[in-house]
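> Not my notes, these are from Swiss-Prot:
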type	residues	note
SIGNAL	1-18	signal peptide
LIPID	Cys19	N-palmitoyl cysteine
LIPID	Cys19	S-diacylglycerol cysteine
TRANSMEM	449-469	transmembrane segment
TRANSMEM	548-568	transmembrane segment
TRANSMEM	570-590	transmembrane segment
TRANSMEM	641-661	transmembrane segment
TRANSMEM	693-713	transmembrane segment
TRANSMEM	740-760	transmembrane segment
Amino acid sequence: MNKRSLLFVSLIGIAFVGCQIFFGYNDFRSCRTLTEKQKTITEQVLAATKSMGLSVSPWTTSLEEETNKNHYAVRVGDKLLLLNQGGSASSVYSSGVRWNFIEETTACDNIHVALYGEANETTTPSNMGKVFLPVTNEDLPVLVVEFRNNQEPVVFLGQYKQEQGKVYNKDSAVYGTSLVFWRSGNEYLPLGIYNSKEERLESLDLPITKAAVFSDSKSANAGANSAQYFVLSNEYMQLIVSQESGSIEGINLPFSSEDNKSIVNEIGFDRELKAQVPSEASFPGLPSVGANNQPVSDTVGGYYPLLRRGILSDAKKRTPSSYHALNIVSGRELTNSVASGYRVSTFNSTMLELESNDGSIKKTYKLPQQQPYAFEVEVGVNRASDDLWITSGIPEVEIMSNAFTPAIKYHVIKKNKGQLDKVKLPKAKDPLALRSGVYPQWILNSNGYFGIILSPLTDIPAGYAASYVPGSSVPTRLSLLSPKNQAYPASKYPGYETLLPLPQKEGTHRFLVYAGPLADPTLRVLDKAYTNSKGESPQYLDCITFRGFFAFITEPFAALLFIIMKFFRMITGSWGISIILLTVFLKLLLYPLNAWSIRSMRRMQKLSPYIQEIQQKYKKEPKRAQMEVMALYKTNKVNPITGCLPLLIQLPFLIVMFDLLKSSFLLRGASFIPGWIDNLTAPDVLFSWTTPVWFLGNEFHLLPILLGIVMFAQQKISASKKKGPATDQQRQQETMGTMMALLFTFMFYNFPSGLNIYWFSSMLLGLIQQWFTNKILDSKHLKNEISVNKKKQR
């Protein structure tokens with residue numbers, strides 16, 4: 001090799017070594033810079049988390065030993081978490097404090113995570129229950145404590161990708177085994193341990209590390225890990241609480257059975273929905289867990305959904321969380337949820353406590369066992385605001401006498417007396433109605449037979465709000481029935497929501513919520529339970545008001561008739577029979593008046609030939625003929641309108657019964673003849689078909705047909721006793737009778753079966769009474785004498 005070649009090789013070697021030294025030094029500087037940066041970040045993060053009870057410190061097995069810089073522990077509140085290779089010591093020392101061993105669990109790569117508590121603790125911490133992470137497609141912010149061999153742990157804020165189960169750090173990769181924490185309010189909760197080799201976050205089975213990890217298949221509660229809803233239930237109701245909104249997505253009332261104390265009966269809509277769309281008649285209907293942290297299995301049927309749930313099978317058509325019950329909202333339209341994403345801190349059979357991820361809202365639902373269809377909610381607000389409202393939720397649709405009858409009312413104290421005022425329902429053009437200057441004792445959002453009463457137990461500002469929600473935004477379950485025929489289009493049934501304001505300061509606000517039937521037995525119990533020491537009752541019974549144009553007149557009488565019906569129901573055990581017995585009772589009560597009317601009609605029939613003579617005699621003098629006829633009526637004590645009297649007598653009772661059936665929840669779902677008359681507040685159904693027919697719909701109702709036949713027969717029996725040719729007036733009466741029979745048949749075709757039973761029974765008893773009275777009068781000729789020109793005539 002010549003000198004030139006040797007010089008070239010030497011220069012290349014020197015350049016290579018120089019490059020190695022240069023890049024090595026740069027790597028060293030970069031590594032050192034990164035280490036310093038990580039140390040700075042660690043110090044900054046720990047400084048910020050110290051006030052929240054999270055810190056990192058070395059630990060040793062005795063106070064005499066020199067602090068081992070290779071062993072570090074994470075302090076979370078009054079607990080200590082440390083990693084080891086197993087065989088945890090019974091006690092350790094950290095920050096000059098003795099910590100006693102509580103429990104240990106095996107994590108990834110045979111690494112053990114041990115839990116220690118302060119030495120002065122005398123009890124072992126109980127399992128605090130699952131803490132469910134908010135379900136979101138976005139990365140979840142977490143705090144990571146990364147343990148590296150023979151180095152002080154690195155602490156940084158990272159991101160947790162729920163779908164992949166990975167933890168990310170924007171500055172560098174996560175190399176070492178790490179403990180991951182999730183901030184909830186003003187504290188950090190242990191979320192799990194991150195396996196950097198498999199890039200997977202795994203949960204830890206320790207009392208204070210019960211946060212759910214959705215991608216962890218090894219979790220003891222894997223079924224609960226995907227839960228989005230929590231079920232709190234008793235014998236009266238099933239509450240479905242949303243993890244996203246922290247509010248109530250569903251209030252399901254069980255049908256009456258031997259296993260519960262509910263008074264809600266199954267009706268035709270429930271059976272049809274279960275048969276046509278069973279997935280939409282399932283309860284809870286959404287992935288849920290109970291107080292035991294186990295998934296709650298769906299059941300098809302068995303419940304009445306008091307709140308609109310939307311279309312469960314279509315996530316886009318479910319009821320938006322802003323319309324959930326007991327949601328905290330704000331904004332111009334009062335539809336913006338204040339907080340989104342909640343964790344559970346306490347969950348047992350009677351109480352569910354949640355806190356929003358940002359710590360601004362805390363809710364506690366308490367479900368008493370003895371108060372029917374009632375529960376309490378405590379709302380803790382940790383930030384002052386002048387625009388916070390609590391919602392009632394939107395009741396499901398009830399069809400009453402073939403009509404949709406929502407109502408909003410509020411109860412106030414005026415002149416030391418309770419008063420129930422009705423709220424005019426808002427319209428689509430002006431969907432939000434705000435009222436100030438009023439202090440409601442409670443506010444009712446009703447669909448007819450059911451209602452949601454929101455009653456503040458602590459002081460709140462004056463005012464209330466009522467909101468109109470388009471039916472397409474919160475579709476009713478009825479829209480799923482016969483969708484091809486558009487029997488119950490969602491747009492036809494808008495929703496209505498009530499709201500109460502919250503105080504403009506931090507604090508805890510309590511509310512009593514009644515969510516159930518507007519029935520005397522349950523509301524009376526609630527009134528008694530919440531009567532104060534002064535004997536002042538909240539007067540929830542005022543919710544039961546009679547509906548109708550003449551309710552202000554019929555209400556006292558309807559209340560009296562219902563008392564009589566309840567007496568007959570107590571004797572017979574059947575509401576249908578009690579309606580018939582009530583009809584018999586009223587017929588006996590009015591027997592003298594009806595008998596007088598029938599006798600008067602018989603006298604009219606006897607006078608018919610003489611009236612014809614007068615009309616023929618004074619054919620050219622109609623006024624004289626009219627005067628003579630009236631004199632004849634007066635002489636024989638006959639009134640021409642007595643023929644209409646039996647029907648006129650019955651009309652007030654008919655109106656009262658109509659109002660009674662629309663206002664008495666106990667008759668809803670009450671069966672009389674199974675398979676035919678299954679609900680006294682709905683039309684009877686002898687049979688049905690698929691394609692609707694004009695007027696008849698897709699159901700055949702027999703009771704109105706029978707009613708028309710009886711009315712026609714009564715008119716015929718009345719006409720059969722007339723002698724001689726019929727007068728014009730009599731022919732008009734016969735025509736009117738036939739028309740009335742047809743009119744009542746058509747008018748009553750879609751009326752409640754209970755009303756048809758009453759009217760049919762009344763007409764049938766009237767027919768029997770008329771036949772019986774005619775027989776008696778025929779056997780007593782002297783009683784049928786008439787006078788013409790002051791002479792006795794037969």
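Keep in mind that glycine also has a Cβ here, set from the backbone N, Cα and C atoms.
Structural setting of the listed features?
Same-chain residues lying 6+ beyond the ends of the transmembrane segment (449-469) with a Cβ under 8 Å from its Cβ atoms: 251, 253, 304, 306, 323, 325, 333-334, 376, 389-390, 392-396, 398, 400, 408, 410, 423, 425-428, 430-443, 494-504, 508-518, 538, 540, 543, 665, 668, 681.
Using a Cβ-Cβ cut-off under 8 Å and counting only residues 6 or more beyond its ends in the same chain, the transmembrane segment (570-590) has close neighbours at 561, 564, 649, 653, 666-667, 670-673, 677, 680, 754, 757-758, 761-762, 765-766, 769.
Long-range contacts of the transmembrane segment (693-713) within its own chain (CB-CB distance under 8 A, at least 6 residues past either end) are made by residues 482, 485, 676-677, 683-687, 737-738, 740-742, 744-746, 748-751, 753, 756-757, 759-760, 763-764, 767.
Only residues 6 or more beyond the boundaries of the transmembrane segment (740-760), in the same chain, are considered here, and those with a CB under 8 A from a CB of the stretch are 401-402, 575-576, 579-580, 582-583, 647, 650, 653-654, 657-658, 661, 667, 672, 677, 679-684, 695-697, 701, 703-712, 715.
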